[in-house]
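Inspection log for the structure reproduced underneath, given as structure tokens.
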Amino acid sequence: MTGNLDDERQENHVTGSLCKDQEETSFLEHVDEEVETTEANTVKDASFVSKDRTGVIQKIRKDAVYRSKFLVTVRLCLACIAMGLFIGHTGPAFPDLRLIVNKDLTTASWLLTAWTTGYLAGSLIYGLLCDKLNRQLLLFLIVLGMSLASGISPWCSLFPLMVTMRAIGGACAGGLDTGANAVIAAIWGVDGRPYMQTVHFSYAFGGIISPLITEPFLAPKRPLSEMAKESLNGTENISFSNIYHTSGLLSCSNSTNCTVTTELEYWGETKVQYAYMISTIIGILSAITFLVSYLKRNSEPRTKEQQEANEASRRISTQISKFQKFGVMILLMLLFHVYCAVEDTFASYLMTFSLLHLNWTKLKGSLATTIYWASFGFGRFLGIFIIRLIHPTKILFIYCSFMVISLASFTVGSVLLFNPIVWTFSSLVGLAMSIVFPTIVTWTEETVMPVSGKIASLFLIAASSGTMLNPLYLGYLMENKSPLWFPYLLLGQSMLCLLIFVILFICTKTCIRRETGTEVEIYVQGKEVEQESFKSSHA
């Protein structure tokens with residue numbers, strides 16, 4: 001009997017020790033988790049402080065995994081600069097592209113639609129191929145194709161050929177955009193906030209310098225009196241060897257005889273091809289970096305521990321039912337669709353709107369586009385730091401609201417033809433839209449579901465469909481109704497964008513967080529819950 005009591009006491013002592021050990025282990029694991037998180041955040045925050053730059057350099061030199069991820073990010077930044085250059089050419093160069101193919105605004109809008117249609121197809125193709133081909137090789141082919149097709153397009157005087165080249169360039173750009181978002185999310189995981197913003201800032205930086213490269217090569221706009229020294233009230237014989245397009249008041253019977261009834265202006269010879277050539281060289285150089293990486297077999301590294309850590313940080317996706325995930329995905333795709341339609345259309349049509357409605361010169365229109373891109377890029381640079389301080393949910397609400405206010409003010413200034421308001425809010429629109437896209441991706445990654453290659457592909461398909469449709473009806477409305485439809489349409493779409501995000505936030509707040517509340521409670525009160533669980537299992 002005494003032996004049984006001793007055995008029972010020994011068993012209880014062992015059980016109690018085991019319980020205590022498990023409690024201590026759980027507590028230590030929780031502390032270690034907090035320490036690791038704190039250290040990670042400290043290193044992440046300190047990387048932007050000058051006194052800790054040496055530590056980052058040492059990590060690049062000595063940590064092979066960190067160095068490989070860093071180099072992948074640098075290559076993606078270079079490629080996104082090239083993409084920003086090509087997309088940034090579109091707005092200032094669009095009137096000159098019309099001159100090259102000799103088409104009206106409605107027909108020439110297909111050049112923009114071809115790019116976005118290709119962009120949509122490229123996003124879909126990348127989503128299908130990302131798991132089947134080496135990513136470095138795939139990105140090399142994408143960037144090379146984008147550079148060559150975009151560089152060739154302004155040399156095509158045949159409209160169908162230019163449309164084809166634009167579509168191919170857009171397809172490659174769509175693949176690059178999808179790949180950049182997916183790769184950054186994959187290699188950095190939950191630490192990818194600043195790196196995602198950096199990649200998108202690189203795209204904006206390309207857009208900033210693109211109009212500056214384009215402007216010197218644009219066709220000059222000159223009065224016809226420079227070439228016709230006699231009276232413009234009669235019929236004159238004038239040589240028009242360098243004229244691609246003139247006002248509708250100029251009636252020509254052949255290439256040399258024209259009937260002029262009033263003072264006219266004409267477009268001189270365009271040399272915009274050389275601006276595209278400069279960007280093509282930059283794009284090819286960035287593509288070579290992916291080829292070198294592929295030949296060295298130095299594709300993006302993901303160790304088993306990193307994969308497990310990333311999956312653990314994304315467990316929230318397993319808490320969503322298929323029906324809820326489908327509904328949230330529809331809302332997210334609709335948000336990308338509307339937002340990207342506003343962002344792309346404003347940059348692409350700002351030059352055309354300034355010429356048609358505000359009666360600005362090409363120099364002023366190009367300068368306005370440059371200021372827009374500068375504000376856009378500056379906002380994305382600030383986003384690298386803002387994303388550390390403010391939760392993505394608050395950022396999206398603030399910036400979407402700011403976008404509505406800026407476009408409303410831009411519309412008022414355009415209606416009143418008050419240039420100071422137009423100048424001010426055309427730049428503030430760029431600032432308001434600067435970090436919305438990457439923040440939506442980050443918000444989705446942290447709140448809803450992991451952003452895999454296929455998910456990123458769906459997002460970019462929705463985005464490109466918005467940028468594909470807008471030029472079609474906007475070009476028609478501006479040419480046949482009024483150029484003021486440019487700000488009217490974008491203001492309405494920005495308001496819809498804010499509404500969609502509010503609905504999306506309410507859905508995720510009521511559905512996703514309620515289901516993951518138990519998991520959060522276990523994490524915060526891990527020690528107490530594990531103790532209770534242990535006692536219950538031994539009751």
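Quick reminder: no glycine exception, Cβ is built from N, Cα and C everywhere.
So that you can see what the record holds, here are the features copied from TrEMBL:
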- 70-88: transmembrane segment (TRANSMEM)
- 108-130: transmembrane segment (TRANSMEM)
- 137-161: transmembrane segment (TRANSMEM)
- 167-189: transmembrane segment (TRANSMEM)
- 201-219: transmembrane segment (TRANSMEM)
- 274-295: transmembrane segment (TRANSMEM)
- 326-351: transmembrane segment (TRANSMEM)
- 371-389: transmembrane segment (TRANSMEM)
- 396-417: transmembrane segment (TRANSMEM)
- 423-443: transmembrane segment (TRANSMEM)
- 455-473: transmembrane segment (TRANSMEM)
- 485-507: transmembrane segment (TRANSMEM)
Top partner of the transmembrane segment (137-161) among 70-88, 108-130, 201-219, 326-351, 423-443 - counted as Cβ pairs under 8 Å
70-88
Pairs 6 or more apart in sequence, C-beta under 8 angstroms, 3 or more of them: is that satisfied by the transmembrane segment (167-189) and the transmembrane segment (396-417)?
no
Could you check whether the transmembrane segment (274-295) and the transmembrane segment (423-443) come into contact, where contact means at least 3 Cβ pairs under 8 Å with the two residues of each pair 6 or more apart in sequence?
no
Other parts of the chain folded back onto the transmembrane segment (371-389), taken as Cβ under 8 Å at six or more residues beyond its ends:
44-45, 48, 88, 193-194, 197-198, 200-201, 203-205, 207-208, 210-211, 346-347, 350, 395, 423, 426-435, 438-439, 442
Short question: most Cβ pairs under 8 Å with the transmembrane segment (108-130), which of 423-443, 455-473, 485-507?
455-473
Who are the long-range neighbours of the transmembrane segment (70-88) in its own chain, taking Cβ under 8 Å and residues 6 or more past its ends?
60, 139, 143, 146-147, 150, 169, 173, 176-177, 179-180, 183-184, 187-188, 195, 198-200, 202-211, 213-214, 276, 279, 282-283, 285-287, 289-290, 293, 298, 300, 344, 347, 369, 373
Between 423-443, 455-473, 485-507, who has the most Cβ pairs under 8 Å to the transmembrane segment (326-351)?
455-473
Any residues 6+ beyond the ends of the transmembrane segment (455-473) with a Cβ under 8 Å from its own?
109-110, 112-113, 116-117, 119-120, 123-124, 126-128, 130, 170, 174, 177-179, 181-182, 185, 329, 332-334, 336-341, 344-345, 348-349, 437, 440-441, 444, 449, 489
